[in-house]
Amino acid sequence: MTVVIGFEGSANKIGIGIIRDGEVLSNPRRTYITPPGQGFLPSDTARHHRAVILTVLKEALEQAGLKPADIDCVAYTKGPGMGAPLVTVALVARTVSQLWGKPLLGVNHCIGHIEMGRLITKANNPTVLYVSGGNTQVIAYSERRYRIFGETIDIAVGNCLDRFARVIKISNDPSPGYNIEQMAKKGSQYVELPYTVKGMDVSFSGILSYIEDAAHKMLSSGQCTAEDLCFSLQETLFSMLVEITERAMAHCGSQEVLIVGGVGCNLRLQEMMGVMCKERGAKLFATDERFCIDNGAMIAQAGWEMFRSGQVTELEDSWITQRYRTDEVEVTWRD
């Protein structure tokens with residue numbers, strides 16, 4: 001039996017999870033929430049993480065009913081993410097690893113999402129759509145790597161949604177994306193927005209610039225409601241994502257789609273992807289907000305896979321990196 005504790009804090013969530021042979025023993029987390037119209041700055045986010053990380057660590061151990069001696073390995077997010085929050089969490093993980101005398105493992109955040117999705121949904125070899133505030137990638141496994149078949153060429157889909165929420169002052173509690181999703185359900189008029197797919201890649205910055213510029217004019221003139229804009233933005237962005245996912249499936253001959261990352265909680269995205277999968281006779285796999293949104297258990301799960309395949313990170317190599325591509329990691333735990 002192998003028990004791994006995972007520390008995640010690459011953005012505004014701080015989470016610590018414990019996994020024992022595929023079983024989630026605990027997974028507490030906290031979120032740094034800013035006022036409407038504001039994003040979260042790296043320094044403020046790191047300050048938030050520093051203030052709560054030891055409380056979350058205590059909770060994780062208590063909920064799992066374990067002592068430090070029961071842990072076999074300490075995993076932490078090496079990247080990608082925001083520099084200051086990543087450093088904060090890596091520092092605590094390093095310290096804990098030395099205090100407890102346990103091996104350390106630096107984990108790629110994106111691979112944490114994929115491995116957690118595979119564990120929870122039991123998807124075998126899916127085409128993965130990874131969508132979050134910092135990343136948008138279509139991924140499939142091949143020859144010991146998670147290969148990126150398509151991605152955003154500018155900003156991530158979650159970043160596009162978050163920044164639109166700031167323009168029309170939507171609350172950040174529990175998250176701007178969730179609040180846009182709820183407002184979109186009440187929208188009835190579709191406003192045409194730029195649709196930018198370039199082969200296997202997507203671009204979201206033009207749509208954002210267009211809707212940032214048009215939103216106040218359209219709302220003040222009564223052309224449409226805020227709910228209509230939320231609805232239209234979601235429909236356009238998600239159509240683009242479904243298109244490139246379908247293209248990757250056709251290329252790989254895949255019959256499974258797995259959606260991971262914070263935006264993957266969105267039920268409208270899941271519904272649209274489900275329609276495409278049904279048309280192709282394929283299966284859709286997705287998780288709920290416990291495992292879609294950044295959490296410690298996903299880092300523990302990827303760490304568990306890596307540790308079992310013989311990987312560890314030496315202390316002198318336990319740095320963090322804000323840029324760390326999914327396809328840089330050699331996948332030693334899959335055939």
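Going from the start of the chain as shown, residues are counted 1 onward.
Each residue, glycine too, has its Cβ placed from N, Cα and C.
Annotations in TrEMBL come from automatic prediction, not curation.
Feature annotation from TrEMBL assigns domain 'Gcp-like' to 29-300. Sequence annotations record features per position, and here TrEMBL assigns divalent metal cation binding site to HIS109, HIS113, TYR130, ASP294. Residues or ranges marked as substrate binding site in TrEMBL: TYR130, VAL131, SER132, GLY133, GLY134, ASP162, GLY177, GLU181, ASN266.
HIS109 (divalent metal cation binding site) sits 20 Å from GLY177 (substrate binding site), taking the C-alpha atoms as the reference points. Shown are the binding-site residues GLY134, GLY177; of these, the residue with the fewest other Cβ atoms within 10 Å is GLY134. Per-residue confidence over the domain 'Gcp-like' (29-300) averages 97 (mean pLDDT, predicted model).
The closest partner of ASP294 (divalent metal cation binding site) among the binding-site residues, by CA position, is SER132; the full candidate set was SER132, GLY134, GLY177, ASN266. Residues near TYR130 (divalent metal cation binding site) in space but far in sequence (CB under 8 A, at least 6 apart, same chain), listed by position: CYS110, HIS113, ILE114, THR136, GLN137, VAL138, ILE139, VAL260, GLY261, GLY264, THR326.
Summary: among the binding-site residues (HIS109, HIS113), the fewest other C-beta atoms within 10 A of the C-beta are counted at HIS109. For ASP294 (divalent metal cation binding site), the Cβ neighbour count at a 10 Å cut-off comes to 27, with all displayed protein chains included.
Our reading of the substrate binding annotation (TYR130, VAL131, SER132, GLY133, GLY134, ASP162, GLY177, GLU181, ASN266) yields a largest Cα to Cα distance of 18 angstrom. The divalent metal cation site, placed at the center of the C-beta atoms of HIS109, HIS113, TYR130, ASP294, has further neighbours from the same chain whose C-beta lies within 8 angstroms: SER10, CYS110, GLY112, ILE114, SER132, ASN135, VAL260, GLY261, GLY262, MET298.
All protein chains included, ASN266 (substrate binding site) registers 26 other Cβ atoms within 10 Å of its own Cβ. Of all the Cβ atoms in the protein chains shown, 25 others lie within 10 Å of the Cβ of SER132 (substrate binding site).
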